[in-house]
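**Student:** Supplied in structure tokens, the structure appears directly below.
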Amino acid sequence: MRKRARIIYNPTSGKELFKRVLPDALIKLEKAGYETSAYATEKIGDATFEAERALESEYDLLIAAGGDGTLNEVVNGIAEQPNRPKLGVIPMGTVNDFGRALHLPSDIMGAIDVIIDGHTTKVDIGKMNNRYFINLAAGGKLTQVSYETPSKLKSIVGPFAYYIKGFEMLPQMKAVDVRIEYDDNIFQGEALLFLLGLTNSMAGFEKLVPDAKLDDGYFTLIIVEKANLAELGHIMTLASRGEHTKHPKVIYAKAKSINISSFTDMQLNVDGEYGGKLPANFLNLEQHIEIFTPKDVFNEELLENDTITDITPDKQ
């Protein structure tokens, strides 16, 4: 019996490129042995709804084609269910942090080849209160950049749009008094921002979590304490090289469970999208989602365990 695949795609991502090559993508997957269909999202929440429906229809494979926000919605549609389908990713967003972390090809057909090759690995995801994320959660004014940057600017200058918006927001930054409980530790004080990372790539910074593992059951927690603009600029420069972890204003730790609260209003960023406000409880769900990955993705820099398996569809 042929395996069934469902593509869930954002037609506006990547300058609408996926929509134009969709017929070729369907043919390529059909030739590889997948009975394939597609669904185009129209508004926020559509990808989650369709992922839930696809799960009920017992698809063997879901493919998320879009940015990190689309992938987040698909993960939220399947994360709570025991019979989760395997997940393929076609990175089509402005930054594609998760795709970068997995070393997925940036071209559509190359990403489909990864799916067809059939190598999968189990990766961690995070649970924040009642929703899920696959790459990062964060709080602080600067972390709002990804969802406050205008879409038009992103389409014109790509990832540089985030840097433009980030520099624009720097003067607005102020430290907030927060309480962060992480495993058996507590931080109580003023912080400019905090980040919980599951991968090594966040907001285009591929060395923000230089020792990230995708499957070890731990978040990487980064807290930037109260600092002036000069200190913050220095930290950001160091972060581009992965050298920020020893800065005196930076707390860098690993944790499985994290609770964050504040008496001050603080918005949250979840996989690059608005994620509500504090308080929040975070829990790492170890090796919870099975993702198609390149053959060479397993190495000590990315994965703690050799969890890769091979899947070959029936072409009959």
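FYI, residue positions are counted from 1 along the chain as it appears here.
Yeah, the Cβs are placed from backbone N, Cα and C, and that goes for glycine too.
According to Swiss-Prot, the protein has these features:
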type     : residues                                                                                         : note
ACT_SITE : Glu273                                                                                           : active site, proton acceptor
BINDING  : Asn10, Pro11, Thr12, Ser13, Gly14, Thr41, Gly67, Asp68, Gly69, Thr70, Leu71, Asn72, Glu73, Thr94 : ATP binding site
BINDING  : Lys213, Asp216, Tyr218                                                                           : Mg(2+) binding site
DOMAIN   : 1-132                                                                                            : domain 'DAGKc'
**Student:** Looking only at C-alpha atoms, tell me how far Tyr218 (Mg(2+) binding site) is from Leu71 (ATP binding site), rounded to the nearest Å.
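**Tutor:** On Cα coordinates alone, these residues lie 21 Å apart.
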**Student:** Under a criterion of Cβ-Cβ distance under 8 Å and sequence separation of at least 6, what residues of the same chain contact Glu73 (ATP binding site)?
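**Tutor:** Glu73 (ATP binding site) has long-range Cβ partners Thr41, Ile44, Gly45, Asp46, Ala47, Thr48, Ala51.
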**Student:** Let's see if you can do this one: DSSP helix, strand and coil counts over the domain 'DAGKc' (1-132), in that order.
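**Tutor:** Once the DSSP states are binned, the domain 'DAGKc' (1-132) shows 56 helix, 38 strand, 38 coil.
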**Student:** Which one of the binding-site residues (Thr12, Leu71, Tyr218) has its C-beta surrounded by the most other C-beta atoms within 10 angstroms?
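**Tutor:** The residue with the densest Cβ neighbourhood is Leu71.
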**Student:** Asn10 (ATP binding site) has how many other Cβ neighbours within 10 Å of its own Cβ?
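**Tutor:** Counting Cβ neighbours of Asn10 (ATP binding site) within 10 Å gives 24.
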**Student:** To the nearest Å, how far is the Cα of Leu71 (ATP binding site) from the Cα of Glu273 (active site, proton acceptor)?
**Tutor:** 11
**Student:** If I take the alpha carbons of Asp216 (Mg(2+) binding site) and Gly67 (ATP binding site), what is the distance between them in whole Å?
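**Tutor:** Counting only the Cα atoms, the answer is 24 Å.
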**Student:** What whole-number Å value do you get for the CA-CA distance of Gly67 (ATP binding site) and Glu273 (active site, proton acceptor)?
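**Tutor:** Counting only the Cα atoms, the answer is 11 Å.
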